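Structure first, then comments.
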Amino acid sequence: MSAIPITPTKRIRRNLFDDAPATPPRPLKRKKLQFTDVTPESSPEKLQFGSQSIFLRTKALLQKSSELVNLNSSDGALPARTAEYEQVMNFLAKAISEHRSDSLYITGPPGTGKTAQLDMIIRQKFQSLPLSLSTPRSKDVLRHTNPNLQNLSWFELPDGRLESVAVTSINCISLGEPSSIFQKIFDSFQDLNGPTLQIKNMQHLQKFLEPYHKKTTFVVVLDEMDRLLHANTSETQSVRTILELFLLAKLPTVSFVLIGMANSLDMKDRFLSRLNLDRGLLPQTIVFQPYTAEQMYEIVIQKMSSLPTIIFQPMAIKFAAKKCAGNTGDLRKLFDVLRGSIEIYELEKRFLLSPTRGSLNSAQVPLTPTTSPVKKSYPEPQGKIGLNYIAKVFSKFVNNNSTRTRIAKLNIQQKLILCTIIQSLKLNSDATIDESFDHYIKAITKTDTLAPLQRNEFLEICTILETCGLVSIKKTKCKGKTKRFVDKIDVDLDMREFYDEMTKISILKPFLH
């Protein structure tokens, strides 16, 4: 009989000086690993300045470029467009009161208020017909009018009389073929109870309009009319379509008023002059001139008058207006610049106001957030948006130009300061504006060629250089215990082109080394 193996027992350790055996240790319990949730209960805070932020309200106001109503006037004229408004209204009043066809051609560079002004006139001066026929004026309007026509309105003449009109506004960009404009006009006015017709040319549209002669005047506004010439079709067909539209607006058997709008200043000379079989066939022309800097400034101030405060410094608005007026006179471009400066200002101030700026580590960043960021409002930054923020926006527009082109616009003093800034950056790549100014003073004193500028004059030129896209100025946190913020300056140019241009000027050579 074989012996049953006995599992050996572990020898119990005893303390060296103990008489009794030591108490056997308790068996170790395995610890359960605790895994924390990857997804936190809430996500990191997201900075915002509140839904009623003055910044958000200002940007929204600048977005509505078509709503340039003079709040202090009920006549429907846009700011700085009173003369053009009166010309359009006189044209409409005469054509509608006489129940005759006529045409008007409105032209001008982009952003001069052509579309906005016509939209304003249509909204304010063409009123929908009242549903109730109880008033004598309504009965008089509808006595000889087909109420089933679409877009039917009434137009009040200067003497108080009401005239029946049907008005529509069409953007020609949406048209695939120029000849489809006739069908588009018909679809805008057709009798809801009438048959569906195919309108392919002027004669078809004329046949539809003639029964309403002396009863209802049809007013058609064609925006971007020159697009009819750029469609994917032959120039002959495009020109023919445009000529037929203006010819239709001169026929005595219909009451058809055509208002064409386009950016092309020479469209009348190139195409409409072919109508000149008789001087009476040519459309009346109104030119919307580019806005001046003063007009742009007044429009912006007027738009912002509804806000509790204006967040821009007056000089910043004037500077932006002058730059935009000098280029194209496009008011929409000015709105874009102002909105862009607000966004830059917000980003910078949010960074400065953030209490967690620079304190997050990788363990605090959620890997798979499932809830939207917690929004927390912070005090809105004090102060107003100045020239430096406007300059940052303009610098983006000119950065595509070559360094040589940008330098050519500078005067000798501005070129000299640019040279000293570059030299200060060679000594210290993190140079601030103050350090660059100190280097400038030392360089001027050493050469004894020109009188040094004051600090505020130096800063003004730095702003100009930033506007030209040659330097960039950023507010950064300086190193050390003070933790204060300074304005760091840097350059954005092609150094080879820079030296090629600067070495051509003998007085600047000492500042290049």
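Every residue, even glycine, has its Cβ placed from backbone N, Cα and C.
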Looking at T7, T368, which is the one Swiss-Prot tags with phosphothreonine? T368
27-33, 48-54, 62-68, 146-152 - the one Swiss-Prot records as motif 'Nuclear localization signal': 27-33
Could you check the binding-site residues P110, G111 and say which one's CB has the fewest neighbouring CB atoms inside 10 Å? P110
Least crowded of the binding-site residues T112, T115, counting other Cβ atoms within 10 Å of each Cβ, is T115
Densest Cβ neighbourhood among G108, P109, G113 (binding-site residues), 10 Å radius: G113
Can you check what DSSP calls T115 (ATP binding site), collapsed to helix, strand or coil? helix
For K114 (ATP binding site), the number of other Cβ atoms found within 10 Å of its own Cβ: 23
Excluding G108, P109, P110, G111, T112, G113, K114, T115, please set out which residues of the same chain place their CB within 8 Å of the center of the CB atoms of the ATP site, keeping sequence order. N263, F288, D330, L331
